[in-house]
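Structure record follows, encoded as structure tokens.
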């Protein structure tokens, strides 16, 4: 549902009576920055009120940073997680904008294959033939569905594959960085936004997106603002679930579990945005993937 809202918010229009005024919100970096700002506020308030903790064990008093809530050394140790996360969120917004929702969720199935490879290269983890065969069936269904995409876009497909590689690196880093730093789910999310937020802010300013966003004609429309708010909220919730599941289980488990979510995303996206032929064969392939 969060992906659908992201797609929806970058394709806002004035109303059904003004189809010629259809506009695409092109400032993907600003959207990612808004989502990080929302996560920062939520985590900061909850931590300040002592509702949540950022660590599995308390830091020594000499190393504790009361402003950032975690030591600077710990922040530096989370860089291998934060940098892939930054690339992932930026590329995700570009990918959602450049391709229809059903095919976006379909092509993301290759994340599983990339994750398996990263787990092997990083941790030497090998998977059984049954698991490899099951992943092969999923990817086969995705490519079959892609051959019948009415809105085929080579650039959009390439961006999705880059996103999948970034996500695979990010997922394989979550559990490893969490164990080495002593941070829990909220702590990992906090370090991500603290490290990535300023970089994204500078990049947005450098590209002129911040200034251009202020001139966006639908910026003050209640419907557009509501979609931004919902997108930020859903993104925070999804990030929490992703990190939690990856920490408890594994990167591959999270990649496979996301298939169930994407079945609903594909269905809603298909009904709302189209871009794919409505026939039994294509519906079957979308389900198989």
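FYI, residue positions are counted from 1 along the chain as it appears here.
Glycine is treated like the rest: Cβ placed from N, Cα and C.
Taken from TrEMBL, the feature transmembrane segment covers 33-54, 85-107, 128-148, 154-173, 185-206, 218-242.
Sequence-remote contacts of a segment are chain residues at least 6 beyond its ends whose Cβ falls under 8 Å from one of its Cβ atoms, and for the transmembrane segment (33-54) they are 69-70, 89, 183-184, 186-187, 189-190, 192-194, 196-197, 200-201, 204, 228, 231-233, 235-236, 239. Residues 27, 29-30, 32-33, 36-37, 39-40, 43, 46-47, 52-55, 68-70, 74-75, 78-79, 81-82, 85-86, 89-90, 174, 177-178, 239-240, 243-244, 247 of the same chain lie 6+ residues outside the transmembrane segment (185-206) yet bring a C-beta within less than 8 angstroms of a C-beta in it.
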